[in-house]
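Asks: Input: one structure, supplied below.
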Amino acid sequence: MRTNPTTSRPGVSTIEEKSVGRIDQIIGPVLDITFPPGKLPYIYNALIVKSRDTADKQINVTCEVQQLLGNNRVRAVAMSATDGLMRGMEVIDTGTPLSVPVGGATLGRIFNVLGEPIDNLGPVDTSATFPIHRSAPAFIELDTKLSIFETGIKVVDLLAPYRRGGKIGLFGGAGVGKTVLIMELINNIAKAHGGVSVFGGVGERTREGNDLYMEMKESGVINEKNIEESKVALVYGQMNEPPGARMRVGLTALTMAEYFRDVNKQDVLLFIDNIFRFVQAGSEVSALLGRMPSAVGYQPTLSTEMGSLQERITSTKKGSITSIQAVYVPADDLTDPAPATTFAHLDATTVLSRGLASKGIYPAVDPLDSTSTMLQPRIVGNEHYETAQRVKETLQRYKELQDIIAILGLDELSEEDRLTVARARKIERFLSQPFFVAEVFTGSPGKYVGLAETIRGFQLILSGELDGLPEQAFYLVGNIDEASTKAINLEEESKLKK
C-alpha cells in the first residue's frame, strides 16, 4: 500500500502542506469529502475533522478513507460518533494511515481504536508507532515447523493442544469460566514463555470490558503499583461505538502484538473477543459504502477482510502470535457465513461446557467437543496421541452408560463397565486444575503442569495403578503425585473423624 509522504520545508509547518477537503455528505458513520484536484488522499489514509458544533463544543473526529469516488471525492468511515458534523466542515488529510503506539509502554494500559489511552492514567510513554494496516509476513519469513504451544493447562495440552502461532476458537456461553481461562493463559504465557498478551475487545459489552480489567488487576495480571510489570495490553472498541471503530479495533490490537513479535522477538498471545463482531461491523458499513450485499446480508468482501486479519496472525522466525478468538455463533447456525469463514482459519477449538461447570469442574473445557489439528501422532508423538485417544474413549463410554446408570443404577453394569465408569470419573476430576488467577477466590495455590507430567498422570489412571484411590483425590490437583498425596491426607482425615 502506498503512503502519502509529507515533506517539510524550512519555515513551513507540515500541517499547512497537508491537503484540506470539505464534507459533502454525511450518512451515519460514512462521510463523502471533496478535495482540491491532485490532492486526493490514498486509500486507508487517516483524515481528521477538527471544528466546533452549534453548541460551541470541540469536535475531533478521525476517519479512514475507504473509496475514491471520482470527481475529487472520497468516501471515509468515521472512527467515532459523527454527531455535530455538518456539510462544509474542513477535513485534513494526515498523509498516513491510522498509527497506534507500540512497545512495552502499552502493557497494563487500555486503548481505543486510535491508540489513545482511555484509562485516565495519562499519556503513553513511547514514541514508537506502527500503522494498523500492514502486510502479512512474507512466506520466506514464516516458521513452518509445527510445534505445540504448551499452556500448562492439562485438559488443553492433552486433548486439544494449541499450535505455536496458531488460531484457536473459544466457544462458551456466559458464566462458564471463559474470562478465568483467558486470564490463566495470559498468566501462564508470561511465566513459562516470557511472553506478553494483547486483548482486543471487539464489540463487546462495556461492563464485560470493565469487569475483565478489574479482575486482571485483582489477580495481578495487571500490576497497578508497577505498571511496567503488567503482562497484557488492552484495546477496546465496545458495542456502543460506531461500526468504524469496531471494524478496526482488531487491527489495532494485532498491530501492538506484531511489535512484540517482530521487534522484541517474543511469543505473544492475542485475544479477540468477539471475532463475529468484527464481521458484523464490516457488514454495517458495507451497504453505506455502496456495496451489493452477499449471502445473509453480509459484505461481499467478507472472506478478504477476514483473511487480511487472520494472515497476519502467524509464527515467524523471530517470534509468534498465537491467537485465541471467542466465536459467537448466531442462532447456533454453524453454516452462517460469519462463523463458517472463521472456522476455515482455526487450528483448534476449545469448547466450554455448562454441564461441567455445574459439576464444579474447572476449567470447564469439554474433552469430547474440543478439537485440534495438532493431535496427530506425527506431530505430538505416539505416546501423547494414544493417551489422548484412550482418555476420549473412556469418557465417551462413560457418557453412553450414563442413561443406563440413571435408570438401573451402577450395580446392573458389567464388571468391565463399572471399572470404566470409575476410571472415567477419576479422569473427569483430574482434568480439573487450580488456577493461579483464581487463588484470590479459591484459596488454593495455582498449578502449572508440564505436558510430560500430564501424559504420565493419565497413563497411570488408565493403566489401573490408581484404582484404589478415591475419586475426590483427583479433584483440583496439579500433577498425579499430588493426587496420591491428597488420597493419603483424605484417609488420615477420615480416621481422625472416626
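The backbone N, Cα and C atoms fix where each Cβ goes, glycine too.
Sharing the record's features from Swiss-Prot:
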{"type": "BINDING", "residues": "Gly172, Gly173, Ala174, Gly175, Val176, Gly177, Lys178, Thr179", "note": "ATP binding site"}
Asks: Taking the centroid of the Cβ atoms of Gly172, Gly173, Ala174, Gly175, Val176, Gly177, Lys178, Thr179 (ATP site), which other same-chain residues have Cβ within 8 Å of it?
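Replies: Leaving out the recorded residues gives Leu352, Ala357, Ala364.
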Asks: Just checking, which of Ala174, Val176 (binding-site residues) has the fewest C-beta atoms within 10 Å of its C-beta?
Replies: Ala174
Asks: Tell me the Cβ neighbour count for Gly172 (ATP binding site), meaning other Cβ atoms within 10 Å of its Cβ, over all protein chains shown.
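Replies: Excluding its own Cβ, the number within 10 Å is 21.
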Asks: Would you say which of the binding-site residues Gly173, Gly175, Gly177 has the most Cβ atoms within 10 Å of its own Cβ?
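Replies: Neighbour-count leader: Gly177.
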Asks: Check each residue in the chain of Thr179 (ATP binding site) that is at least six apart in sequence and keep those whose C-beta is under 8 Å from its C-beta; list them in sequence order.
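Replies: Counting only residues 6 or more apart in sequence, the Cβ neighbours of Thr179 (ATP binding site) under 8 Å are Glu208, Asp211, Leu212, Glu215.
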